[in-house]
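> Annotated Zn(2+) binding site per TrEMBL: 41, 44, 79, 82, in sequence order. Feature annotation from TrEMBL assigns compositional bias 'Basic and acidic residues' to 275-287. Taken from TrEMBL, the feature compositional bias 'Polar residues' covers 289-305. Taken from TrEMBL, the feature region 'Disordered' covers 109-133, 275-311.
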């Protein structure tokens, strides 16, 4: 059975392994990896996002090493739309990848900030390398910045711990009490303002009396009524002077020859209410004697009644 499995190898006595030639290894190796960046195919314009998986052929770049010790690799893969070949290389200096051919890397806005930070860091390291005082100053600033960050972090932690012990009911009670106190403060301020206003007006008024102001509209309405009453009084006075005896007007109906249908019309009695004033009231440049006009009207009425009784 052992002979059939061919497990034993024959080595001749003159065998020299140093004389055996090495077999040629394949220059490329197929690996499965994801895109480290988002790119656009230069042939068809297809966009391929970061993280897209490809079967990539990897090979060593001949005569290219970083710092004479780190090997640089070249990667080949095909576009998933048009199958055009795309080549990228590793960049150990910047810990990144570089598109070599077949595609174009998309714009990434955060790369500029990262590159600027790296540039500042390298510049600071170069300055510290030859200047010990600059190195001490940078370390002092860094320690101060770290202390500020620790203080801010401790403050945030204390705030979180205080908020963790809060109760909703207590918060509502505090809010209501603050609202009540605010209302009381506003009420006190309004009372103080009212007291100040009252004290100012009491000093300016006559013997502390409050003087109320009449609206202009009410004054205009009173003036119109007063003019109307004064005109009526003047008209009554003129009628009394023109007809002192108060003779009746006689209307005879047409078609009555016996004179029985005779209607006597006495002048209507007009009563006007007047304010109690002095003996003379001046209205529009004329003086009307209130008592004289009233007595003249009554005398005319009495004379009229006496004439009717005599008839």
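Every residue gets a Cβ built from N, Cα and C, even glycine.
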> Compute the centroid of the Cβ atoms of 41, 44, 79, 82, then list the same-chain residues not in that set whose Cβ lies within 8 Å of it, in sequence order, for the Zn(2+) site.
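Apart from the listed residues, the neighbours are 42, 43, 45, 46, 80, 81, 83, 84.
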> Per DSSP, how many helix, strand and coil residues does the region 'Disordered' (109-133) have?
24 helix, 0 strand, 1 coil
> Sort out the sequence-distant neighbours of residue 82 (Zn(2+) binding site) for me: same chain, 6+ apart, CB within less than 8 Å of its CB, listed by position.
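Spatial neighbours, sequence-distant, of residue 82 (Zn(2+) binding site): 41, 43, 44, 46.
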> Counting across all protein chains present, how many other Cβ atoms fall within 10 Å of the Cβ of residue 41 (Zn(2+) binding site)?
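Looking across every protein chain shown, the total is 20.
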> Ten-angstrom check, please: count other Cβ atoms within 10 Å of the Cβ of residue 79 (Zn(2+) binding site), all chains counted.
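Other Cβ atoms found within 10 Å: 21.
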> Within 10 Å of the Cβ of residue 44 (Zn(2+) binding site), how many other Cβ atoms can be counted across all chains shown?
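Looking across every protein chain shown, the total is 11.
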